[in-house]
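Below is one structure; the comments refer to it alone.
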Amino acid sequence: MKFLVLAALLTVAAAEGGISPRAVWQFRNMIKCTIPESDPLKDYNDYGCYCGLGGSGTPVDELDKCCQTHDHCYSEAKKLDSCKFLLDNPYTKIYSYSCSGSEITCSSKNKDCQAFICNCDRSAAICFSKAPYNKEHKNLDTKKYC
């Protein structure tokens, strides 16, 4: 059910110009590159205090810290002169990359902002692949624990 809610939110946001489904799909595919058996939209949305929309408090584990770092990376992207986003949103930036085995390479043809966002997503996907997944942190009560 939560997946359907996420899909609906992504569709509405994309229709309003906020989130590009293609950009979200790129990040999803990067995670699939490093963790082929994962289902990123299901596994990592609504995990801990930072994985999913928004984030606050102290990360509950290493994986949640990966999401906090990814959020921070996107915040840094917003400060770059080369990154002027539609509706101030890094999720709209499309970039080029390749996946070979579990190795992600951001294309040298990316412009500065694309390269920055690609590396944010690449670093997060690699971080996810190294962090343990704790099922008890999925759908965490963020009001209580964050």
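From the backbone N, Cα and C atoms, a Cβ is placed for every residue, glycine too.
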Among Cys51, Cys73, Swiss-Prot lists the disulphide partner of Cys67 as Cys51
From candidates Asp39, Asp71, Asp81, Swiss-Prot puts in the same Ca(2+) site as Tyr50, Gly52, Gly54 the residue Asp71
Going by Swiss-Prot, the cysteine from Cys99, Cys106, Cys113, Cys118 that pairs with Cys33 in a disulfide is Cys99
Disulfide partner of Cys106 per Swiss-Prot, picked from Cys118, Cys120, is Cys118
Correct disulfide partner for Cys83 among Cys49, Cys113, Cys120, by Swiss-Prot, is Cys113
If you consult Swiss-Prot, the disulfide counterpart of Cys49 among Cys127, Cys146 turns out to be Cys146
The correct three-state DSSP answer for His70 (active site) is helix
Least Cβ-packed of the disulfide-bonded residues Cys33, Cys51, Cys66, Cys73, Cys106 (other Cβ atoms within 10 Å) is Cys73
